[in-house]
Every structure is written in C-alpha cells, then in structure tokens.
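Take a look at the structure set out below.
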Amino acid sequence: MLTTLKNREFRLLWMGQAVSHLGDQFHLIALPWLVLALTGDPLQLGLVMALAGIPRALVMLFGGAIADRVSPRLLMIGSDVLRFGIAAGIAIAVATGTVQLWMIYALALGFGLISGFFLPAAEATLPRVVGERQLAGGNSLMMIADQAAQFVGPALAGSIIALLAHDVAGTPAGMTGIAFAFAVDAASFAFGVITLGLMRPVAGFGSDRHPLRDIADGLSFVWRDTTIRTLVIVIALANLMLTGPVFVGLPVLAAERLTEGAAAFGAVLSGYAAGNLIGMAGAGSWRPSSRQLGWIGFAIFPFLGVIYAAIGFVDNTWVAVALMVIGGIGNGFLSINVITLLQQMTPKPFLGRVMSVLMLSMYGLGPISQMLAGWVLHFSVTWLFCGAAICLAVPAVIALRHRAMWDFTPIDEPDAPSTQPEVAHSA
C-alpha cells in the first residue's frame with residue numbers, strides 16, 4: 001500500500017486531498033452550528049443541508065460525463081478555486097457580524113453545485129495516475145487520509161468553536177470560532193489548488209458527442225451490469241436511511257443532550273472516523289472473496305441498525321463516541337472494497353460516469369433524508385435514530401436476495417502508466 005506513495009503524481013494528489021478533507025471537517029462542524037446559532041430550528045438545518053445535496057445530485061451525472069471528456073484535474077482545480085472564494089466570503093461575513101440566513105443558503109447551494117463536478121472528477125483521477133495493481137492501495141491511502149481528517153478535524157473544530165464562544169473585538173458573541181473554522185476551510189482549498197497545479201497533465205478521453213448522450217451511455221452501462229446496478233441501489237437506500245440522522249440528527253443530539261455541545265458533536269464524528277480508519281486499514285491488508293464480501297454486505301446493515309438505535313437513547317458523550325467507533329469499523333472496511341470493486345469492473349473511458357452514478361447513489365437521496373430528519377426531530381431524537389435503524393433492513397434484504405452481490409469478475413486491463421499522453425483536452 002505504501003509503495004503507491006512513490007508515484008509523484010499520486011503523492012501530490014494525496015497531499016492536496018488530505019488537507020482539503022481536513023478543511024471539509026471544519027466546514028461540516030461550522031455550518032450546522034452556525035444555522036442553529038442563528039435560528040435554533042432543526043427544520044432550518046435540514047433545509048440548509050438539503051440545499052447542498054439537491055444541486056449536487058442534479059449536476060453529478062453531467063459532472064461525470066465532463067470528467068471523462070476533459071482533464072478531471074482541470075475540474076478539480078476550478079472547483080477548489082470557486083470554493084475558496086465562497087468559504088472565504090462566509091468567514092468574513094461571520095467575523096464581521098453581517099452574516100444572514102440567505103447567505104448560508106447561498107453557501108450551501110454553491111458548494112452543492114460545485115461538488116457535483118468535483119466528486120466524480122476526483123474519483124476518476126486516481127485510476128489515471130496509478131497502475132491497476134496500485135489501485136486498491138491508492139484507494140486505501142486516499143480514504144485513510146479522508147478518515148484521518150474526519151478523526152482529527154471534527155474534534156479540533158468543535159473544540160475551537162467551543163473555546164472561542166465568547167466576545168472578541170469586532171466579532172459577535174459565539175461566532176469567533178465559527179468564522180475561524182470557515183477560514184480554515186478556505187485555506188485548505190487554496191492548498192489543493194497548489195498541489196493539483198504541480199501535477200502533470202491528466203488527459204481526458206475526449207468526445208465529439210453531446211454530454212447528454214455520454215450520460216445516457218453511462219446510465220445504460222450501469223443498468224446492464226447486474227452487480228453494479230445492485231450495488232448502486234443498496235448504497236442509495238443505505239444513504240437514505242443514514243444521511244439525515246448523521247448530519248442533522250447528531251448536531252441536534254449534541255445541542256440538546258450532551259453537555260459539551262459543539263465539542264461533543266466533534267468528538268462523536270471523530271469517533272466514527274476512527275472506526276472507519278481501522279476498517280479501511282484492514283481493507284488495505286485483506287481483500288475478501290466475492291462470497292465473503294456478499295456476506296459482509298448483508299451483515300453490515302443490521303449491525304449499523306443496532307448501533308443507530310442505541311445512539312437514539314444516549315445522553316453521554318463518550319458512550320456515543322464508543323458506539324460510532326464500532327459502527328465506523330464495519331463501514332470503513334466495506335467502503336474500500338465497494339469502491340475498488342467498481343473501479344476494477346469499469347472500463348476506464350466510463351470511469352467518470354460510473355463514479356458519478358456511485359456518487360449520485362450516495363448523495364442523491366441525502367437531501368430527502370435530511371429534510372425528513374429535520375421534520376422527525378420536532379417529535380424526538382430517539383424516534384429519528386430508531387426509525388433509521390429499522391429501515392436499514394431494506395438494503396440488507398436486497399443485498400441478500402441478489403446473487404450479483406456474491407459473484408463478480410473484475411475487468412482485466414494492463415497497468416496504467418503514471419501519466420497518460422496528452423490530448424487536446426488535457427490541463
């Protein structure tokens with residue numbers, strides 16, 4: 001796995017994304033805490049989170065088609081430049097006391113649209129800069145960096161927001177830490193632009209056809225492949241059940257039940273990331289057979305259901321952290337194997353589109369989940385987590401009933417060079 005770091009292009013990509021992931025965690029803590037500080041309304045929080053998810057889902061397929069045509073590196077650089085400007089702007093608005101709710105909605109909308117291009121481009125870049133034999137190790141390193149950021153970032157951001165929850169000259173009470181968190185997010189995007197700029201051009205495959213035709217071909221490819229289709233359906237349903245409880249339910253749980261507030265919210269997310277790190281490290285060392293992966297995919301959902309049901313009754317920060325660590329271990333191991341499987345089964349000219357369909361399955365139903373979570377939270381935090389736990393039985397049954405989850409054959413392609421010949425669309 002560590003030999004992948006000898007590849008200069010991967011090393012630059014990995015460093016930039018590792019820092020960017022850390023900034024994402026500051027954003028993840030600061031945004032819901034800002035909404036709750038301004039409105040105190042869980043439904044408003046659900047709407048803000050949904051506004052980020054809806055445009056992301058709408059443009060993601062188009063973003064995947066573009067990533068296959070042009071250099072995905074170019075899309076990543078442009079996305080980071082735009083997100084730097086937005087994050088820096090909201091940091092200034094919060095610090096000067098001029099932030100308003102409409103600005104938060106604009107922030108969510110902008111980040112959602114941009115992410116719809118960035119995410120499939122990032123997933124399509126990795127297989128173009130590493131060889132086939134390095135792909136699993138590269139995925140493990142990328143996701144370990146992500147989870148390491150999720151382990152350090154939320155706890156650090158939550159602690160800073162809690163520590164700076166007092167008046168500072170020129171800054172409204174309680175807003176200093178939130179402004180700082182958005183500033184860190186902006187700085188992480190700037191670093192990402194630098195590292196991506198130092199990489200050699202990553203070629204696109206080019207196309208004279210209309211992007212909508214490319215999107216249709218990508219969807220057709222996914223639908224015809226029974227294994228990929230089943231994976232997409234299972235992932236979509238799982239994210240429908242879990243996105244709202246995590247991104248809307250957990251901050252409300254921390255605000256209402258956990259005495260440490262923002263610091264508790266950060267600690268709980270960091271615990272989940274720690275579990276994911278353990279699971280992903282295991283995935284980098286042991287690859288299960290198709291039958292073993294099928295059983296793991298079936299078992300993980302009721303396992304997560306028990307964890308989430310228990311969280312619905314928690315009123316102690318460290319108990320919540322421990323539960324999320326346990327749940328993260330299973331999630332991390334399964335995530336690495338699913339992504340590597342899809343990349344190995346997909347011809348490289350289709351990678352951007354297939355990865356965009358995967359991202360759509362992960363994020364597309366998230367806005368619905370977040371809005372529903374905001375509504376259910378008006379009744380009870382316990383209802384939200386227990387309801388999600390019960391509903392996780394649906395993807396478990398699908399994983400069990402479809403034999404495609406138990407027997408798959410990767411594409412046999414030669415190792416890709418660390419860089420590809422440039423075409424007209426390279427950047």
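The backbone N, Cα and C atoms fix where each Cβ goes, glycine too.
What TrEMBL records for this protein:
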type: TRANSMEM; residues: 12-35; note: transmembrane segment
type: TRANSMEM; residues: 47-67; note: transmembrane segment
type: TRANSMEM; residues: 74-96; note: transmembrane segment
type: TRANSMEM; residues: 102-122; note: transmembrane segment
type: TRANSMEM; residues: 143-165; note: transmembrane segment
type: TRANSMEM; residues: 177-199; note: transmembrane segment
type: TRANSMEM; residues: 231-255; note: transmembrane segment
type: TRANSMEM; residues: 261-281; note: transmembrane segment
type: TRANSMEM; residues: 293-311; note: transmembrane segment
type: TRANSMEM; residues: 317-342; note: transmembrane segment
type: TRANSMEM; residues: 354-375; note: transmembrane segment
type: TRANSMEM; residues: 381-400; note: transmembrane segment
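Of the Cβ pairs linking the transmembrane segment (354-375) with the transmembrane segment (74-96) and spaced 6 or more residues apart, fewer than 3 are under 8 Å, so the two regions do not touch. The stretches the transmembrane segment (261-281) and the transmembrane segment (12-35) are in mutual contact, each linked to the other by at least three Cβ pairs under 8 Å (pairs 6 or more apart in sequence). Contact check: the transmembrane segment (102-122) against the transmembrane segment (12-35) gives at least three Cβ pairs closer than 8 Å, residues 6 or more apart, which meets the contact criterion.
Long-range contacts of the transmembrane segment (143-165) within the same chain, counting only residues at least 6 positions beyond its ends with a Cβ under 8 Å from a Cβ of the stretch, are 14, 17-18, 21-26, 28-30, 33, 173-174, 176-178, 180-181, 184, 260-270, 272-274, 276-277, 280-281, 284, 328, 332, 335-336, 339.
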